[in-house]
């Protein structure tokens, strides 16, 4: 009996607790009803909370599952018109070596697909991100002659889709594309380049898809802050035409054309001025004594090597084209002027050596034949020296000769005629007759002819004049 008492007491407690809970719940419901009646509201059922109701899916609203979006709108009918407009965000770079350009732009497509129409009391459009694009039909526009391109995806795919109740669609995406540009460098760096970005449908010919600029030339807009370091952007404009492929047919193609003019100041500082200074430096050798062989040779070699370095540096940043550029003409003509200045000194040195050899032979011949002096002075010894070849010892050796007055002009002429009138020679006629027989002054007759070669004289005028004339023609043609 004691064992049965405990379970009975426990069961009785549970029953009492259950009744208490039911009674409390009834009191709360009755209290809420009374409060509602106090606020003057009806006892009818409250409307459902719309924030907790389940909305219709996008696929159901646009009836995506009810249609086959692998086919274009109005399949089998006339070509669907697709309008395009572009906003250029930036022109990132122009590469002469790769002959391409990089551009970032907003590409927008406009078309009508009645399969996407929906009912709207406010007639407002609905905007979606890129996830819906994979489920509907969109134009397959691609960039012709594109090397690299991508759609920006930070922080998410930069794609926007806007659908209007009547079925009109706006499809926008942000793209960076690197495309080829056929550049002509025949006037480089005084050139202007025209590049084009071409858009075309990949699969649909003009019978299925008509691609056109939505607002003509106003379909292309640019940012006024777009600038490049080496180019001045002169003009943006649009064109369109048909492109033909022998295997597939005719396609509508849209063109974004822009013209760039190169800034010349950078190349004046880096190329033209240094080349001009090297040419002018090579002319300094014309004023250096021809006997200073190390000075003139080192100056000529230095200017030639410097010009070679300038030419190599310019061509390193350019494509290997098979035609001559404007800068090549200037640099190579400058190189020829520098090289000719070196050849000029080689000619001067060679002719001077030949002349010295000839005069030495004549001097040896006169000594071997013991030619008498025809200066009209008896018992006179003759000494002949080349200008610039005599030393101080040779000059001092004249002390052994008898001092006599300078011979007259006519007698001096006779002396030079005996020696076949050699150029650049010094003839010293000293009489050994006693000073008591004739009244003559004591002086030493030394006639030193300053020797500046004729080629150097002419080069001082010909080289600068020719280079100035070349510059006048060059800048008048290319500017």
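The backbone N, Cα and C atoms fix where each Cβ goes, glycine too.
For 59-263, the entry in TrEMBL reads domain 'Neurotransmitter-gated ion-channel ligand-binding'. For 271-475, the entry in TrEMBL reads domain 'Neurotransmitter-gated ion-channel transmembrane'. The annotation signal peptide is assigned in TrEMBL to 1-20. Summarising the annotation, TrEMBL assigns transmembrane segment to 264-285, 297-317, 329-352, 461-478.
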Per Cβ pairs under 8 Å, the stretch of 264-285, 329-352, 461-478 packing most closely against the transmembrane segment (297-317): 329-352
Within-chain partners of the transmembrane segment (264-285) [C-beta distance under 8 Å, separation at least 6 from its ends]: 189-190, 230, 295-296, 299-300, 303, 306-307, 310, 314, 327, 330-331, 334, 337-338, 341-342, 344-345, 459-460, 463-464, 467
Same-chain residue ranges lying at least 6 outside the transmembrane segment (461-478) that approach it to Cβ under 8 Å: 187, 190, 279, 283, 286, 326, 329-330, 333, 337, 340-341
Stretch-averaged pLDDT - the domain 'Neurotransmitter-gated ion-channel ligand-binding' (59-263): 91
